[in-house]
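**Student:** According to TrEMBL, the protein has these features:
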- S234: active site, charge relay system (ACT_SITE)
- D354: active site, charge relay system (ACT_SITE)
- H389: active site, charge relay system (ACT_SITE)
- 205-257: domain 'BAAT/Acyl-CoA thioester hydrolase C-terminal' (DOMAIN)
- 326-445: domain 'BAAT/Acyl-CoA thioester hydrolase C-terminal' (DOMAIN)
Amino acid sequence: MATEDVPSPIRLVVEPQESLADAPLSIQLQGLEPGQQVTLHASTLDGWRCSWASWATFVADEEGTVDVNQQAPLAGSYEGVDALGLLWSMTLQDPAESHLFVKTTATPLTITLNATCDDQVVASARIQRLFAAPGVQRINLEGPDMVGTLFLPSGPGPHPCVILLNGSDGGFHAHSAALLASHGFAAFALAYFGVENCPPHLLTIPLEYFEQAFSWLGNQPAIDSTRLAICGLSRGAELALLLASTFPAVKAVIAGSPSSLLWPGLKGYRSVNEPAWTYCGEALPYLAASSSGKFAAFLSVVSFLWGMLRRKPFRLTRIFLKQLQQADPEAIARASIAVERIAGPILLVAGSDDQVWPSCQFAERIRARLEKHGFSHSCTYLRYEGAGHFICCPYGVPSLPPWVSRGSAADRGPIVAFGGTALLNAHASQDCWYKLLSFLQEALERESQQA
């Protein structure tokens, strides 16, 4: 329980004071006058030490109590009854800044709660949201052979393992891996570009790098390498499906906002006519832009620049849809991932308002290919209506402010839409997270029984 003594009969009671980032919270105000209005403020610092905050105004019931888990606010940064609304609805407080909520390390998130009446603070509390539960161990790998962080659950093991793959921003998200380890899975947040001792760009990444990671995990006594899953989002999902279709050591796949085919490499966030992936020294085929596709891309650049001038969000999905419409069917076939070769169940996650690429269409293509080839394992598809791109692990974590767009009308840079709304993305991330845990538990437990 988190309370702070103040010269007031009003008490702010938060339970528990310290909990995992995905755990439920109970927030109550006690000692108010019946019908009294009170505003709750929540604030925290992200990984860049920037301030984020939210608020909600409530009316006390006849007993002088406000129960955030049972009451909708009169006004605030979120609407409706939502126990975690004060957490995910936080927004960046500095109008000169426009970045996303940054959280990549496994350090706890400290959140301050203040209750105010007539602009006076009448009660306060401070809580910590943990990503690594007590007893979770970490092993840091900083190259030159591999870069990432392995988190091991408490207990002797051997534990099933999940490899987490980021998308086009590179690096790795240690906080998501730590949270998975807190639920009993060894979790390896593996970088493959964009950090020291890794390639600078998503270009010609050899699949042998990941094969080496599989071998290394197999030599860890705390890990059961016969129960290995891969989870990625966006380009990381593309990679996860590719790896699982190439290496039978992978027994389950989670593909968030996936692609059904391989795309060109990237320099920064700019697509180039070079392969993203190689294997056995050979470039893996990808869907390159045709002549008409290149012209469409040129028009998209013009549209992007015009949108910058008008301060309108730019939506990348239209580029991919146009390229798919104009591509030669044989080129699409060559670039398509042979998902039917995957040696275990698949979980696909997509939002219908994905503005980065058409992940729902890609998910349907994956399902159709699996059905065509008589896939012998299960394929579960979670489609979230109105949600955007970043709703699945390792990006979508319950209670953290979701990613809806990058940039703002206040700065001079581009505004890139990711899709969805804060509400729909937050709820999708929370629902997806718990279903992801259930999927892993069932898939890797079944693999253990078969072994």
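Using the three backbone atoms N, Cα and C, a Cβ is placed for every residue, glycine included.
Since we're looking at a predicted model, the values are computed, not measured.
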**Student:** Sequence gap of 6 or more, C-beta under 8 Å: which same-chain residues meet both conditions with respect to S234 (active site, charge relay system)?
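**Tutor:** Within the chain, S234 (active site, charge relay system) has Cβ neighbours under 8 Å at G167, S168, G256, S257, S259, V356, W357, H389.
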**Student:** Using Cβ-Cβ distances, find the residues under 8 Å from D354 (active site, charge relay system) that belong to the same chain and are at least 6 apart in sequence, listing them in sequence order.
**Tutor:** S257, T317, C360, A387, G388, H389, F418, G419, G420
**Student:** What is the Cβ neighbour count of H389 (active site, charge relay system) at a 10 Å cut-off, with all protein chains included?
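**Tutor:** Step by step: centre on the Cβ of H389 (active site, charge relay system), count other Cβ atoms within 10 Å, giving 29.
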**Student:** Take the domain 'BAAT/Acyl-CoA thioester hydrolase C-terminal' (205-257) and average the pLDDT across it for me.
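**Tutor:** Here the mean pLDDT over the domain 'BAAT/Acyl-CoA thioester hydrolase C-terminal' (205-257) amounts to 98.
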